[in-house]
């Protein structure tokens, strides 16, 4: 058995790669999981369906610029979280700690260092997040999703790809050509508005919008609105085309399922992460990247028509989660 403490959440981009690796690791060996969550965030809702031990931390990420007065309060909460994490890790006694980024990873990773527990990191973005870069200086191994990410890390780096959580819940078979619009786990008012305009313009197409519980300013017979989609793999496999933000996990899923795509990166992402991630779609010839300020409804409608008529040519791929799980299992159970 492998006892593993995990941190990675707040957004689906950090949460689902962690769950994908745990799912594959459990196929190889029994596991006992302690998952550190952020109070009130996505992972607390999703992890209700998982039989893992959980510890909720009341912390927030630092605001930018970092010299903000608000950060004094947030640093105090992080300090308190450090003590909680140390206490829980001493009690749980994990064989390894596995983190997938986001601010919850930092107190868990630093506690692993203090307790001399081997630390494994998985990075989703082309440009790594600050927490993972800081933690990598004492990590046993860093798994990255893209070759371009290697230069940011100095220790053992494995280009494994981004783990994909494959979760088959529905056999989807759409009669009409169907366009999926997803604004990330938190939704996007911009993409919600875009879905209204496109569904009105392309009446012969069926649109599915994952709204993130944000307001959708229209109703239309050819627009299906869902608050949130957990089984994204079913949808990416079945739709004709997707319009999404440029989160690393989203981009990796689109590549894995060979889904023709239009990426409209969120301009507020840290250090333009989403723009760099989105470039992978154009690099592979899988679709287009359009900046928000350049969005033109007629142009996007034409691109939808073109992409939805493409024949998918992607060959079967090995889920990076399998590669990472095997690597961890082989190192821990030598």
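Backbone N, Cα and C atoms are what each Cβ position is placed from, and that goes for glycine too.
What you are looking at is a predicted structure, and each value in this text was computed from that prediction instead of being measured.
Swiss-Prot lists 11, 12, 13, 125, 185, 229, 274 with the feature UDP-N-acetyl-alpha-D-glucosamine binding site.
On the structure: features taken from Swiss-Prot.
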residue : record                                        : Cβ contacts under 8 Å, 6 or more apart
11      : UDP-N-acetyl-alpha-D-glucosamine binding site : 42, 102, 184, 185, 186, 247
12      : UDP-N-acetyl-alpha-D-glucosamine binding site : 42, 184, 185, 247, 249
13      : UDP-N-acetyl-alpha-D-glucosamine binding site : 124, 184, 185, 247, 248, 249, 250
125     : UDP-N-acetyl-alpha-D-glucosamine binding site : 101, 145, 149, 248, 273, 276, 277
229     : UDP-N-acetyl-alpha-D-glucosamine binding site : 182, 210, 235
274     : UDP-N-acetyl-alpha-D-glucosamine binding site : 245, 246, 247, 265, 266
